[in-house]
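**Student:** Here's a structure for you.
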Amino acid sequence: MIQITIDVILEDPTLCVVQLYTQVSSQTVFALLSDGSLAVLYPNDNNALVLASKTSMANQLPVDILRKVITTDEGQVQVPITALACHPFVENLVVVGFKDASFSIWFPTDSDPSYKTELHQEELCLIKWLSHGRILVTCDVSGQVILYKFSTDTYSFESITKTRKSGHVVDIVERTCCTDNIIYSIDQEHSDHPIDVSNYAGVGLCEFIVMWSKGDVAVLTDNGVIRHIGTVNLSAGHALLYKLYYWSCSDTCCAISTSGDMFLFGFKTLAVGAYKDILAKYKIEYKRENGIVQLPATKIAYMAPSDGQLRVLSLLTQEVAYIDLEDHIENFVGVNGGLAVIRDYGILIPLRGKNGYAVVSCHRSTGSCDSNGNEGMHILAASDHYLHANDMRFARVQDSNGPSSGPRIRPGSDEFIVTEQHFLHAENPRCSYANIYMSQIVVGDNSFSQTMITNYSITNRNVVSNKMLPIFHDEGGKPINLPPGFSPETASTPEGVDDATIDSFSAEIISSRGKFVSLLLFSFEPKDMQVAYANNTNSAIMAQDLTGEGLTHMKFLDQKFTDSRNSFISAVLIGARIIKVSVNTNANLLQEHTLEIKHPIKKISILTNPLTSVSSDNLSGFVLAFGDNVFTVFEVAIGKVPHLAGSFKLDERYTYVADCVLYGRYILASQNSRADLESDYLKVEIVKYSITGSKAGSLVLSDDPTHGATVERIARMTLVNQHLFMINNNLSLFYTDCKTFNSVVKITDIGQLMFNTNIYCAYLEEEDLDDIHLSTPDTGSPAVEAEESPQRQTREEKIKDLLLVENTMQINQQLHDRIKQERKEQNVISVYTTLPTLIPLDTICVQSCNATITLDNAHHVLFTVVFKGYNVVTGLPCLLPYVVALSIDTKILGEMISAGLTATPSQPTEKVGSRPTTGSDGGSAVLKSRIFDMAPYTVTNAIPDCFGNIGLELVLSTSLNLLFVGSSMLFALKTGTFTKRALSSKNLSAYLSWLDSKEKGSQRNADLVFQQEKYEDQISLLQSIYISSEQRAKVPLLVQSLAETTISMNDRIKGSWLDFNDKIFLSIQGVFAPYVNSKLETLMQPLSSTMLTLLSPAFVFSERSGKSEKPRTSNFVSINSDRLTIKNLTALGSSKKTGFQQSCTATYALNKFTICSSNGQLAEAYSHVLVSENLHVWRSLATLCIQNGYVDLLKTCTTHLKSPILSLLMRLVTNRKRSDAADTGQDQLKTKLAPQDELLLALLSIALGASAQGLDRLQGKPLLLSGVMNDIGLSIRYLMSDGAHSSLQQTGGLTSLAKKSSILSLANRLIHLNDLESSKICYSEVYKAPVAAQGEIDSLNANPQQLLQQNESVQFLNDEYKKKGVAACLTLAKKGTDPQFLYVAARMIESEAKSRDVKSDIPGKMKDELDQQTLWLEAARLYKRCSAFTHALACALKCEDDELIYNIGTTSQSQRLSLVAATYFSNKYKSGLITISEKGRDNVSEDFCDELQATIEHALVLYKSAGLGAQSLELCIKSNRMKELSNLLADILSEPSKSLDRELDDDVVLQEQSTTTQGTGDVLQGISSDLLLRAGRALLDVSPEDYSLNDYNSFIRTAVIALAKASAYQDALQAILDGKIQISERIADILTPASIEHDEEAVRVTETLGKLLHKAGLYQSAVKKFILAQNHTLAINSLIKQGDPMKVIKFANMARQKQVYIAASNFLQTLDWRSNPTYMKAIISFYEKANSLENIAKFFANCAAEEISEYHDYVKAKQAIIEAMNRQKVAIDYVEQNASSKESEKVATARAAKVASLKKTLQAYEQNGKLIHAFLQLCDFARDTSQAHDSSETLTTNSSKLLTAVRKMENCYVKPGDIMGLLAEFHGVRGEKARIVSIIKDMCNEGIDPENYLAADLYAAHAAEAGLTVVNKALELEDIDLTAEKSDH
């Protein structure tokens, strides 16, 4: 379930997030920023990630920015962060590595952290926590690796070892397969002493695999031992190692290089220090941009180079699964960024241009399933008090299926399919983004909580430097470790963002946001408080009990109770603040609402209104959402929109709320309170609030006079009607009545119930059981009948009787007598057998609890509780495998509350089922108790239902197995300790004891002594950790078992099959079954499903993942693919129907029947259904009997159903002859079914509507079915004629059965009448294709020919042949249609043809018979009719019938036969050519030539049918048949040349040409390059005069493609140069060589193609070819010709070549660069990058000139000319400084000339600068002294001097008109008109237009006086600008 979308908000818009790190143990997020600093982020009230100091965590996380600043000579400099690692469980502890080789262990409370600087000399590139946070490793870019031992108590560390190899460190992984064996095995032997994990760190029990980029791989042990694995031989070129993956379940490691080299290795044994085992070396082709991701089961996933295919490679078997994304995703363009994976959820693929991603999930075809499909789940009765579901160590299997001997794995290929698509919400007002990049996946512990971090590309074009991550390049210069979207220099806009998208965003948005990162949390954690479900069943039972009528009365169960059960309200948390509420009524009216809460949600509670009438579909209720001490209540009702009923908040400073439930219109809250902020939360109370927040009452527990302050905080509560059950942190169970709400009573101590071993039962020792072990197959047979005498019991029955709980007291006494006292404790069965000491007892607390009233008694409550604990190794909470179920009498509790007593639990040694008595002592409120142990499964939730069943949600993962097994997966599988889903009878302790006895029984040899010497250090280490001497003695055995457990390839493959997590919904039917054995039924579900409730006979759950035809799509803002799903328990009803359709009466009866029958108590089982007259009960029971093969009970059910059809079927089938195989002496449930019983079950299942099961039984028995159908056909039709048609309609498939029996009878009669054609039609009607949808009988696998062979048709044919000869036989055969009949006739005729000798004399009596050729022909035709094509072709060749041979060759669909026929025609054609050459063409008839042409055409077609294209081409070339050659060649190359008017645009051809895939090799298989070359040249040599224009053009196109396939590029290019075909983009792509690298000829061809495209005006295509040929100069020229400036800029940035930079700058200067700052920046930047300093100076000089000539802006001109002078000086210095004393005289002379030229240009720039400066000084003087009396003369004099200087200088930038205009303006201010007129005249005399240099008003006022005409420009109508008017409308 995708829960939350979190945005990262940074205050500084120039910063962007480069990488994020999350921590499982906290909600803190650490973000590495682009400036090299670390930000500490935390979700705020709006669920956005902001700096922690701005949230409620400000006190705990006061320092939210970490920057290391050092002082240098240049001042203060920030040192960027280059690596970071969060501790696995210590909250907010991180290790930060810096670029200066230092690192720091830092808490966000430390504002001045200390730095370790002496350990590394180069910048850190990798930091990791290993060994569950006890080992720290730091790596730097020089290849140095340092291991440290870390103390989680003092937060200190000490160095263990260091090593260094060539290249940087790619990764380091822990070899958990061997190290887990040590830790978890020691844990199993530690008894009651808690484990201290710190003892195991740094002593040599852990191994780590390290990989360096240059190819070295080594293993480090945590005590400093270094073991070199090897050096990976990388491909030549620029390949580096960049991925290291490890799989614990198969102990396999894989190193992958950048070029796809795979190095797969493992270890020969499971011991520490084992030798390497190289498994495989091979190479893959993948797309680097998308990366490689690790999958379970030793698999990896990557994108193929074509970008449209996802490949999943199994490394051990080298099998590849493909999925073409374009087949599943509409408008698929490509993959955008790196792949990501979430374990057991799917592969996440970001989609280019779609703003979203797709999920590819795996549907496994492997698994271990028993006969019931229950995945190996069995109930094992250890006692009446303690039951195992998977533990086979001490208990005997009571289930009839028997224990699983081992994991029955069926290997198969997994199927990968696109299951979901999600798209980004495009209306986020705070940011703008284009495409998604997935930069990280952070996986939480045990797969419960997984976070996907997605990095969205920016639209901001600001340059953001990436200062922090160390960047590693391969030898080709490509970065191999950057996050997607980052280039080495900048975080620029990634591909796929077009200009229109960028332009559409406002400047404010672009400037306010940098890179944008979002977190999507995939939460698979236990959701016991995040889902809720409620209906009115409990209130209905209470109301029925008040009436005094029975609870099991049919009227109540099928009406009121059914209505209450089928109407419900459910709620599921789908986001941090979003709840999906579903309201379902009895009429299947489903209404869904999405509620958005303003605060985070911790708990959901639902209460339905019992006063609403569910039958009228007006169900209503309340939904409570609690979180952050805020209570929000919504009222929901069917047909109405939910509305807010109330909301209030408690002050978290004084109140802590642990749990809450709804009670009517009140809220009951379990809270701890305190009076002031200085005190502790001492007050424990249950407070009753109204939904609006007013306090209505309080029940204080800590002030209770009985218990005092011993009551701990109430952790969980559950409410049943008015009964409130509460569990505190000490696992004590309390009760109160909410009506009175004035006192509380303690019911029992659940912790004592679980951990007190005195109440468990002890059993026989293993050796004693082995002495009397009986291996009869009937291990699960029921108990002996009561009437049998004890003396007649067998030994097995005695043992079995000991295991039954009726004799529990007697068992204990016998065991005390038989078993030694010192061994008793070892054989006690309790939760200690599966609870590891990794979980201390004092950390176990309640996970969830639920309760409901049962239908057996309205005062009996079925209560369940599941647990969680603290794992001291991982430092995190974990679920436990136990469920405690209690049956509690609320009536007794009420009496005890009145009397002020405490409830006491009943002793489990009492006989189950005996009712406790109530007396003056208060009696016992706990009637029954039972503990279920599901190890190695862990329990998420346990929900009881009113029928006395429990639904469990179980999770099993490979990591969780270790907690409850004590060994790694491979070791357990090899030694038989356990199989993935079940603990074995030979556990680790038993295995070591067996190994010890085996060694003692044999003399110790030298090998064992050698083993001990080799592992002496490891043995001594382990013995120092152990406590007792007995444990120390087992250490050598343990080490020996690990060292001798060799691992083969098959072992690794077997282990990888089990490498996946799964979830099971398990129903326990009969929680307190009186015969020990409960009935289990499992439902496998994906990890993302959540159980809502169990409503027998159906599970109700929220399901997300699943295989579907069309992927589900959703939106990131409200991602909600979850759907409400209902699935049936097959033991209680049909799997085809929804469980709610079954009546509750039937469910109740079948539930009791199932429990009793599974324990062998058939009499009691039958009594539960006998009292019922409900036809639903008997019908469902009949279906159940059919499923289990209960034939005798099925007959009873049919009697109670009172159906004449079923009675008729029963009578007809049972009257048939019974088989001798039936053994009437056995129990009816275990009797082997006779054939007629199988038939009866099949027919009755069809009659009852379960047609699928019936048809399965009928498979392969069509003849037996035919006889029964004949028998019952007439009877059924008789019943229909008698008016029983309505009852027949109710029997489902029998209507079809009657029809088919009639047709079958008719078919049999037609056979005897020799009407073969009609009988065949009848048989086809009976045995037609499946029509399962209509319930008809299908797939009977009957062969009509088998029935036809039984008649006399074949014999009749033989008689005709013998009597009348072959002619009569042939006449008869021509009328036949049956293949078998035709085949026999053809054999007869063929035999007759073989016996004829045409050369011998034919007797007179035979002259009228058929000749041999005719017989061969007729035999061939008959063989062809019966599809015997091989015989037909042989006969046709005998008679040389061309048409028949051609027909057989083309229709047989056999390549072999097509080849034979083609050879025949080819030989015939060659013979014809010889005949023509001998006789001459003029002497050959025209018909002969036409026949020869037909022969060659036949041969060509047949060669093609045979898949031999090469022979066809050879034949066409030799026969000079160009048109056929072109067509054949086009078909082979998939070229549509037959379409005369179509362009060369076939995508298949282009795809095959552009990618060297295997498919191309398949198409051209068998056709050599030489043949393609000859064929292409032959087509090119065709004269255009001999063929039409269309044909000729088709020849040329096909020839070009063929030549390209043959790599004859020069010939193909010559055809283009000769003008035979025009160049196009498609043709250019075809002619482009597949591999250009290191191939000069290929480069020349590619360049030639580019030039041809350039010449043809196809500039974009030419650019592609030039880039491919690495000729960037030609590429930029084509781009310039295309005229797109943005493309020119992008290409220049990409090419990074001097000539390209200069060409781009020159082109941009031809554009309007002044109005587009981007162009100007690019021009300057390109010149700088090209180091073209002279051009930069020239550009600035041109800027200065243009500023003056166009805009008269001398201020900007001055700035530009100054910049030009500075650049010119730099250019001069650069040329002078590069001079060398060794250079030649010619070079020195050229350099001197260059310097002189540059200095001359500089002199011109300086002179222009001086003149511009002088003019500006004149302007300043004129402005400042305009009113001074003597200023006029001064200004005139200076202006004259300046004009003289300007006129003397060539190419002067200063314009004389500007100087004279300045004088005119000056005199105009002073009012001196005469001088103005004089200046205007002077300007005219010098050819200067005064209008361009004077102000318009000044010129207009004085022009006339100067003799100039002033034109009055009247405003014409068409010149009026209307743009201003438009805005008004």
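A Cβ is built for glycine as well, from the same backbone N, Cα and C atoms used for every other residue.
According to Swiss-Prot, the record shows the following:
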REPEAT    76-116  repeat 'WD 1'
REPEAT    119-158  repeat 'WD 2'
REGION    774-795  region 'Disordered'
REPEAT    957-980  repeat 'LRR 1'
REPEAT    1019-1044  repeat 'LRR 2'
REPEAT    1510-1532  repeat 'LRR 3'
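A description of the local structural setting of each listed feature is requested, covering burial, neighbours and distances.
**Tutor:** Within the chain carrying the repeat 'WD 1' (76-116), a Cβ under 8 angstroms from the stretch's Cβ atoms is held by residues 19, 21-26, 28, 30, 32, 35-38, 40, 52, 60-64, 66-70, 122-129, 132-133, 136, 138-140, 152, 155, 157, 445, 467-470, 874-876, all 6 or more beyond its ends.
Non-local neighbours of the repeat 'WD 2' (119-158) in the same chain are 82-90, 93, 95-103, 105, 164-169, 171-172, 174, 179, 197-198, 200-202, 206, 208, 210, 212, 220, 222, 224, 470, 472, 873-875; each lies 6+ residues outside the stretch with a CB under 8 Å from one of its CB atoms.
Summarised as a single figure, the pLDDT of the repeat 'LRR 1' (957-980) averages 74.
Counting residues of the repeat 'LRR 2' (1019-1044) by DSSP class, helix then strand then coil, yields 23 helix, 0 strand, 3 coil.
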**Student:** Could you give the number of helix, strand and coil residues in the repeat 'WD 1' (76-116) as assigned by DSSP?
**Tutor:** 0 helix, 20 strand, 21 coil
**Student:** Work out, from DSSP, the number of helix, strand and coil residues along the repeat 'WD 2' (119-158).
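**Tutor:** Helix (H, G, I), strand (E, B), coil: 0 helix, 22 strand, 18 coil.
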